[in-house]
Structures are given as structure tokens and as C-alpha cells.
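Here the structure comes first, spelled out in C-alpha cells, and everything after it is commentary.
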Amino acid sequence: MFSPMCLRFPWLSPPFISPSTSRSVVLRSLLTGHKFRQLFSSRRRIKFSQGSIKFLQTSCRISVPGVPVRESQPPSNFLKDKKVVPQADPPSAEDVNHLYQLIDQSTKLVVLTGAGISTECGIPDYRSPNGAYSSGFKPITHQEFVRSIRARRRYWARSYAGWRQFTAAQPGAAHVALASLEQAGRINFMITQNVDRLHHRAGSNPLELHGTVYSVICLDCGFSFCRNLFQDEVKALNPKWAAAIESLDYGNAGSDKSFGMKQRPDGDIEIDEKFWEEDFHIPTCHKCNGVLKPDVVFFGDNVPKERADKAMEVARECDAFLVLGSSVMTMSAFRLVRAAHEAGASTAIVNIDFAKSAQHRLS
């Protein structure tokens, strides 16, 4: 079974699922609880069989019965703005029922998550109407980063400026629910395309298919170290520039100290060239003085072989493959869905965007 669907939840208290809780109870609690807020869905194909394809376009914002929604102020004013959360139409009970049947009947469930599950946390996705691509944003490519000092200067300046805002994001209820399912033994393996580490903060330990912005790596010798240390080094090399950036108002676009910055899915923000083009110095490798980059897979680069092989192994061995918040437009994600489908696994995609290309390529 194969379906596209993207779940978004309000804040939840930490783990509420015990190892003895059945999958059907878990899904009913998550998706049909009596306190549920909005369920969104459309475009349904309701036929199920082993190895078949089911697409389900949905997005839901719900709370779990007995678990209070956190109404306290978010830890960052950045998180107050929910404009990055796409809108969608309500799902049918039939679609929701198919989803929990998929999970209830699986014994080797693999979950792949994408940017869609972090929009509720204030981090935009790429391809939704409110996503990064909608404003004409073009992410840096691996080739650009390697070849151009100007491109590296632009990237690191924007990434430094966005770091405080990006790391203020807290795990959403989808992250918490997945961590609870994982800890209860309901999920056999989790893979994420996201680089934000929100799964880790919720208690999961997914395979990070595209790496993480929380580490920095040398392109020459492979030495890696903590991103926070890199931030300190940028500040030390550019004290006046860093002070100017840190004085800006992240939360109020109308502030005299704001320059209308827009957060991007990988943590960087839009800033004017005057903030980085002249006299911006980039730290180099501690060991070999080489070029440093975030430990992420940029567009145009390949997922490291060991990581790609592990993801492919679990995709081929699972009996159910669930995609949450990804349009699976990138080959690194699509090839996993295809492998699971070809191996006979029931497969579902939960996403607002109807994954037409995936449907066409798998049909």
C-alpha cells in the first residue's frame, strides 16, 4: 500500500504510548481522539493489497485524549508565526482508518520523514505553497560551495545569522508521537531527510539521510566537530559583523532592527549582500586548514555510501514503509520507497502535496 500523507500535531506532553498499547489504539488516539482539532485531506484511492500503491493526501492538526495541549508561550517568538504551515482540506474517516490499519498490521515498519513534519515547529518546507521554493529560493549546490569562495561566504553568513532562530525550534507533536511509537517498539527503523535534529530532541535516533547542520566537516581531511564551536569561531573572526547580526529582531518584521529575513529549511536565512560580501571571514579546519562545510548533503551531492546502503537495506526488508511529510521528489528518498514497494511492502505517503510523480513512477 502506498499513500501520501503528512501529519502535523499541536504540542503534546512526552511519551504517552506504552509497549502494551496496540497499534490500532495508538492510531485512534492520534487521529480520532475526542479533542481532535482539524483533520485535512483530499484525493483518495481506497484500495488496499499487499505491495499495492495507495496515495492519501492529508494534513492533520490534532491533540491526543488525556494529553493536555501546551498553551504556554513557545520558547521563541520565531515559533509564533505559523505561516509556514500549509493549509489543506479535511481527510475522511476512511482514509484515517486505512492509515492505522497499515501500522496495525505491520511487524517491520520503516518510517521516512521529510520537511513537512517540521513546519508546525516554524521551519518551512520546500515544495508547499508556503515553502521555500514558492518565493524563488534556490538552495546552494555542492558544486557551488566547493568552487566558489563567494558562495561559501554567502552560505556561512546566512547560516550563522539564522542559527539562533533555527535552533530555537522545539519538537512538534509529530516528533513526540513518533518517538513514543519507536520507544514502544512500534517502529522498526526511522529515516529522516531533515537536518534539524528535532527527532533527536524528541527522543528518537533516526538515520539522518541528508546529514545534520549540527556538525561541521572538513572537505579535505574529513575532520568533523560541533557546529556551536564553529559559530563561536565565526563570531571571533567577525566580531563587529556578528554583533550587528545578533542585534537584529528575529520576530518582528516591522522592527527597525529587522531586515525581513526569511527562514530556510536548512537553517539559513535571506540577508542582504552588504552583510556578508565584504570582510566576512570563514574559519578553516583545525587540523589541515581546509575548507569547512556543514555535514549535510547539498543538492548535487550524493548520500554517503554506508548511509545509503543502510537505508536501502531496511527499505528492502520491511513489511510496511510509511513516509511522513515528504513529496519524495529527491531520488535519495524515492529510491527507498520504490525498493520497499518492489519488495512487496505495504507503502503509504502522508503529505499535503499529492505525490503525482511518485505515483507515476511506481505504477
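Heads up, the Cβ atoms here are built off N, Cα and C, so glycines get one too.
Under the heading domain 'Deacetylase sirtuin-type', TrEMBL lists 89-363.
Feature annotation from TrEMBL assigns NAD(+) binding site to Gln193, Asn194, Val195, Asp196, Gly325, Ser326, Ser327, His360.
Here TrEMBL flags His210 as active site, proton acceptor. Following the DSSP three-state reduction, the secondary structure of His210 (active site, proton acceptor) is coil.
Cys285 (Zn(2+) binding site) falls within neither a helix nor a strand when secondary structure is assigned with DSSP, and so counts as coil. Listed in sequence order, the residues of the same chain lying 6 or more apart from Cys285 (Zn(2+) binding site) and placing their CB within less than 8 Å of its CB are Cys218, Asp220, Cys221, Phe223, Val291, Leu292. Annotated Zn(2+) binding site per TrEMBL: Cys218, Cys221, Cys285, Cys288, in sequence order.
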Top Cα neighbour of His210 (active site, proton acceptor) in the set of binding-site residues Val195, Cys288, Gly325: Val195
CB-centroid shell, 8 A cutoff, Zn(2+) site Cys218, Cys221, Cys285, Cys288, site residues removed: Leu219, Asp220, Gly222, Phe223, Thr284, His286, Lys287, Asn289, Gly290, Leu292
Binding-site residues compared (Gln193, Asn194, Ser326, Ser327) - the one with the fewest other Cβ atoms within 10 Å: Gln193
Rounded Cα-Cα span from Cys288 (Zn(2+) binding site) to Ser326 (NAD(+) binding site), Å: 38
